[in-house]
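Structure first, commentary second.
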Amino acid sequence: MEGREEIKGSKPSFPLSFWEVTMAFTVVMGFVLGLGGVYLTMPASDYSFLKLPRSLEDLHILRDHLEIYTSDYTLQVLVGYCAVYIFMQTFMIPGTVFMSLLAGALFGVLKGVALVVITATAGASSCYFLSKLVGRPLVISLWPDKLSFFQAQVAQRRESLLNYMLFLRLTPTLPNTFINVASPIVDVPYHIFFMATFIGLIPAAFLTVRAGIALGELQSVGDLYDFNSIATLFLIGVVSVTPTLMSKPKL
């Protein structure tokens, strides 16, 4: 098929540019140094409560313990949070929604939204670079049809690609994980990917972080997105993609 052949086109032996390598190296070193610094500066204690939350119950336990350290060891908690979030995003580990809730519970709305958007963008960028290096065979094998569709849409909307990528980030048209790993394969430029991710994640991050402030009232993760919230996200998404819908595709 023509779509498949385009995806399998020849690529340079090393696909990352100098600046992309620099960005990836910075993220990796930040992760390593951050966790090392947290380990060396935190007081001796029982940290058995530290684990990735998989349920609201796990999240309550983690929140209750971290609140004790946040006031006296704010920087360490902050760095540890960022490192874990970026790691989860980079390797597509489920559970970042709980980390977003935790940001609201520990840091409030404004700081929490800023923290989630920055770390989520950094993690998505790491996933982008990792996929650009080694992800092509995996993505083509797992999602060949979805990848062909995404490639066709990107080619068709090339002149208004930022608007289209914003639409994807704001709506559940394609999973965020797929967007992260497939974008470099279908030649979405990194600056477009970065801007769409950074801006497009803000509305959903706000909803989740705000819910984290009233964590005790949350009965399930499904309560995060009621009809009004979903309708608002779709409305923002439709507005962002309007220029691409109005543009004439090239023949």
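Residue 1 is the first one shown; counting continues down the chain.
Glycine is no exception: its Cβ is also placed from the backbone N, Cα and C atoms.
Just so you know, TrEMBL annotations are computer predictions that nobody has curated.
Per TrEMBL, the feature transmembrane segment maps to 21-42 (among others).
The transmembrane segment feature in TrEMBL is assigned to 78-102 (among others).
According to TrEMBL, the domain 'VTT' annotation covers 93-212.
Annotation source TrEMBL lists transmembrane segment at 109-131 (among others).
What TrEMBL lists as transmembrane segment is 190-213 (among others).
Residues or ranges marked as transmembrane segment in TrEMBL: 225-246 (among others).
As a quick check, the transmembrane segment (21-42) and the transmembrane segment (109-131) clear the bar of 3 or more Cβ pairs under 8 A, pairs 6 or more apart, so the two touch.
Counting residues 6+ beyond its ends, the transmembrane segment (190-213) has Cβ neighbours under 8 Å at 20, 97, 100-105, 108-109, 112-113, 116-117, 120-121, 124-125, 128, 161-162, 165-166, 168-170, 183-184, 223-225, 229, 232-233, 236, 240 in the same chain.
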